[in-house]
Structure formats: C-alpha cells, structure tokens
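Engineer: Just passing along the structure, written as structure tokens.
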Amino acid sequence: MTTRYIFVTGGVVSSLGKGIAAASLAAILEARGLNVTIMKLDPYINVDPGTMSPTQHGEVFVTEDGAETDLDLGHYERFIRTKMNRRNNFTTGRIYEEVLRKERRGDYLGATIQVIPHITNAIKEKVLAGGEGHDVAIVEIGGTVGDIESLPFLESIRQLGVELGRDRTLFMHLTLVPFLGAAGEVKTKPTQHSVKELRSIGIAPDVLVCRGDRAIPANEKAKISLFCNVEERAVISLKDVDSIYKIPALLKAQGLDQLVTKRFGIDCKEADLAEWEKVVYQEANPVGEVTIGMVGKYIELPDAYKSVNEALKHAGLFNRVSVNIKYIDSQNVEAKGDEVLQGLDGILVPGGFGERGVEGKIMAAQFARENNLPYFGICLGMQVALIEFARHVAGLEGAHSTEFDKNTPHPVVGLITEWINEDGQVEERHEESDLGGTMRLGAQLCHLEEGTKAAAAYKSTTCVERHRHRYEVNNNYKERLEKAGLIFSGLSSDRSLVEMIELPNHPWFVAGQFHPEFTSTPRDGQPLFEGFVAAAYTYQKRDLED
C-alpha cells in the first residue's frame, strides 16, 4: 500500500485548532472510504506528557496500547474510527532519547551526532512507520512556524516532501486572518508573513486554512492566493462555529477533500457525512438539560478534563439532553461544604493525582451517597468513593489511600506492586519507581458481575477500558466492605484487582478504576457516561415533580 502524507503546520498564533482541522479533514476522507490515520509531532523536550502538569498542558490521552499522549489524539479518535497508538505521537525528547541510546550502543560507528541528518532521519523514520498500512496519514506539527523548537520537525517534513514527491505529499498551513473592528475589514498581512516564514525554510504550502471569527470574503481569498502563491480554490475559510462537529461539513463544502484526492490521484466515492449531520442535529435540538458538577483540582483549565467534557456531551446527545458542566474546585468543597454542591443533577469526580483537594472529593462522594444524587467516579473518583464508604458506612475510621496518608490505620487503597499487563506479562512497581511511564496503562479486560448497573450499561459481562493509575483497592478490605453493602461490580482479567464499584438501592452510584472517557465518541457514545447522564435526567425530573 502506498501511503500519502498531509503535513499540517500552523502560523501567526498558537491554539488555532490544527488538531481539529486535521481530524475534520480525516473524517471527510474516511467518509470517502479511505483508511486514514493522524500523527502529532510535539516539539517539547519532555519524553511524553505523562508527568506534565494538566494545568499547563491539558489532559494526558491514553491509547489502547498504553501510550501517554497529547490530548489532540483524543480529538483524532473522536473524529475517525482508526484507533491511535504509541506511533501516533512522539516528542523532541523521545527522538533525542532514542538517538542518544543508539549513540551509546555504538550504532553510529563513532560519527558526530548532529540534528541533520541523525535527528531528522529519526523523525522521518517515525513518520513513515506511523503511516504504514494506511491510504492517507495526516501529520500535525505542534507549535507555530518560527518557533525554534519546531525547526527539526519542519526540516524533516521538508525532506520528506522532496523524497516522496508531490504525488504523495501535501502541505496544509493554518493561519489567522483577524477582523479589525476599527478598520471594518479582515487583515491578510499576518497570513502573508506566516507563509513567507514557512517558505524561508523550504516549504511551500499547497493549502491555506484561514481561521477567523467570520467567513473570508472572496476578494480577500483572491488576495491571499496572489500574495502567498497558492491556488484560490486552495484558500479555505474556517470560521468560528458553535460546534466542532460542524467543521467536516464546512471543509467539504469548500472542496478540500476533492482537492486532496485529486492531488494524490485517488479515485474514491463521494463523502457521506450523514452521521455527522445527525450529531449536529442532536446537539442543536435537545429535549432537556442537566447540570453535572465536576469536582476536581485542575478546573482553572477545562482542557485538563477534555475527554471527560466531551464524553458528557456525547452522553447528552444519546439522551437528547444538553449537559451543562459546573466546575467545582474540590478545595472549595473542603472550605464551604455542601453549599457548593447544591442545584446539581449529578456529581462526577474525575481522575487526578496528589493530596491537594482530596478531602473535598471525598465529601462530594458522601453528599451524593447520602442524598441519592447520581454519582460517577473515574480513577481517583472511584478511590475517594470507596474511602468515603469505608469511613462512614463500614466503620473503618481513618480509612485512606497510602498515596495520601502512609500511616493510615486502614489503607483501603494502596500502591499496586504487581499486575498482568495487556500482553499477559507480569509488571512490578515499588515506592522508588520513576513517576514517568510506570503506571498501569492501556486497555485492560474487565469482568462485570451479572445483575449490576455496570453490566446493564454495557449489556455484557465484560468490557475493555483504558487505565492510567498506580494505586488500587486493597483486597484485604474487600470482604468487610462487601458486608457493609458495597458491590464490587468489575474485576480485572485475572480477577485480582477491583475495577468497578457501585451501591445497590441508589439511582446511580457507579465508579471505575479505568478512564471510560477515552473511548467515548460523538457517533458511538460510551455506556457508563450514557447511564450516568440518563440517571441525572431522571433525578432532575423526579426532583421537579417533588
């Protein structure tokens, strides 16, 4: 199979939406019957985002094979059916680490290691490997043209453009075309300068995607075409929209997919975007709404919970309701108590690390349990629910996780020292293990107990979900917690680790050690999120009736 490559760069400012644009183009090409994948090349020096602060970088998206990756890979999986893996995201740090390891082994036979050719060759090898087996590989380059960190990646794709030829490569550049209110017109000069910067390093863009708060007039498109040496039909206007799921239709309406397939000489069917039209319609026409309180510690940057936010919206689509997310700092719960939890239709406690705010999360779980308010716990959200139950129902005073209190009299949650990974191999950890890349990661099989809400949601006695954690339920307390009424509704593949808990006689008090948000998509949803939002809507209607 001959793979074609589309390289996506950005200019003028960061956060233009390269990832969304790349994913939307991929969705159209997939709708035309092509096998598409997307890669993200990140210019930072970290080996991966696994140990980066969520308030700086946003969430860490976990792939099926256990790679800790950029949140853009979540966008990719939500737009196309292809599952991402560790080949779909790599950083400058990863490249340098691998090149230096080869140098230490003597693989370069004493050569002087340089950015060109050694670093650029390593980048090209990864790009080509990531595209294998696909008709089209879209490669997004992180950062902005002109950033010093991006230069090795830009040089690498420039070389690939020469080596693979024009019939296998296409360069798509996103720029900003701002509207100046004082002048009453859009300004193309930033785009011209950005393209000039890109051309100065040897890359001539084939397509310009121009971002702005409004559609670009035809005369301005012609101006951009003239000054940037790009065909007028290849100047694409991408205005702000109220839903990212409208973007595939916007790009298709301007013929971007036809431009790509013609360039690559690919003969394929027309794109059918009926699934996306359905998503947009459902999003615009809810029959009700619910308010979900998300109790966390990284709420100053909602992107820290990007996949959770999107999964709640997807669940809203399947329940025909609009989901309003109220972000609640768990430290505010500690300071103000129940007053910050009023007026909610459900509480969700997402994953997280560290002691700060953990008692507020425990208080939120207690409030939901005692008031029959739908509760959904994810990863740490399951652990705090179990700690709360142990303290206040099972009578285990002072129960805690050893992550937060190593001297707790009842360590109901502790460090996992051994488990079976996705390949069936035994993995071991201890207190002194590195923080990076040492968690239980990736897709794991979970056995669900019949008759539980978990099994009912999945309509199955098994599920496969992705993990990212190093602490687990202490099995020494299982019997006592079960006697107090807690149901262990999900167990690991070898039934040695607790994966899910729930409460009987409660509208919805369900929690999982895994991260189901990573498998939610707007077209398919996710069973647990759908069940949670349905329970929240039912709770709201009953509350109004009362």
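Placement of Cβ uses the backbone N, Cα and C atoms for every residue, glycine included.
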Engineer: Can you tell which of Lys223, Lys239, Lys246 Swiss-Prot lists as binding UTP with Ser14, Lys187, Thr188, Lys189, Pro190, Thr191, Gln192?
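Structural biologist: That UTP site, as Swiss-Prot gives it, pairs Ser14, Lys187, Thr188, Lys189, Pro190, Thr191, Gln192 with Lys223.
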Engineer: For the ATP site that Swiss-Prot describes with Ser15, Leu16, Gly17, Lys18, Gly19, Ile20, Lys239, Asp240, Val241, which of these is also annotated: Asp65, Asp70, Asp72, Asp206?
Structural biologist: Asp72
Engineer: From Gly352, Gly354, Gly442, grab the residue that Swiss-Prot records in the same L-glutamine site as Leu380, Gly381, Met382, Gln383, Glu403, Arg470.
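Structural biologist: Within the candidate list, Swiss-Prot flags Gly352.
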Engineer: Want to know which binding-site residues, from Glu140, Lys187, Thr188, Lys189, are within 10 Å of Gly19 (ATP binding site) at Cα; which are they?
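Structural biologist: So far as Cα distances go, the binding-site residues lying within 10 Å of Gly19 (ATP binding site) are Glu140.
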Engineer: Can you list the residues of the same chain, besides Gly352, Leu380, Gly381, Met382, Gln383, Glu403, Arg470, whose Cβ falls within 8 Å of the L-glutamine site's Cβ centroid?
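Structural biologist: Near the L-glutamine site, beyond Gly352, Leu380, Gly381, Met382, Gln383, Glu403, Arg470, sit Gly351, Phe353, Cys379, Val384, Ser401, Val413, His469, Tyr471, Gln513.
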Engineer: For each of the binding-site residues (Glu140, Asp240, Glu403), count the other CB atoms lying within 10 A of its CB, then report the residue with the highest count.
Structural biologist: Glu140
Engineer: If you count Cβ atoms within 10 Å of each one, which of the binding-site residues Ser14, Ser15, Thr188, Gln192, Gln383 comes out on top?
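Structural biologist: The residue with the most neighbouring Cβ atoms within 10 Å is Gln383.
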Engineer: How would DSSP class Glu140 (Mg(2+) binding site) in three states?
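Structural biologist: Glu140 (Mg(2+) binding site) sits in a strand per DSSP.
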Engineer: For Glu403 (L-glutamine binding site), what is the secondary structure state per DSSP, taken as helix, strand or coil?
Structural biologist: coil
Engineer: What whole-number distance in angstrom separates the two most remote CA atoms of the CTP-binding residues Ser14, Asp147, Ile148, Glu149, Lys187, Thr188, Lys189, Pro190, Thr191, Gln192, Lys223?
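Structural biologist: Looking at Ser14, Asp147, Ile148, Glu149, Lys187, Thr188, Lys189, Pro190, Thr191, Gln192, Lys223 as a set, their Cα atoms extend up to 31 Å apart.
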Engineer: From the binding-site residues Glu140, Gly381, Met382, pick the residue whose C-alpha lies nearest to the C-alpha of Lys223 (UTP binding site).
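Structural biologist: So, of the listed binding-site residues, the one sitting closest to Lys223 (UTP binding site) is Glu140.
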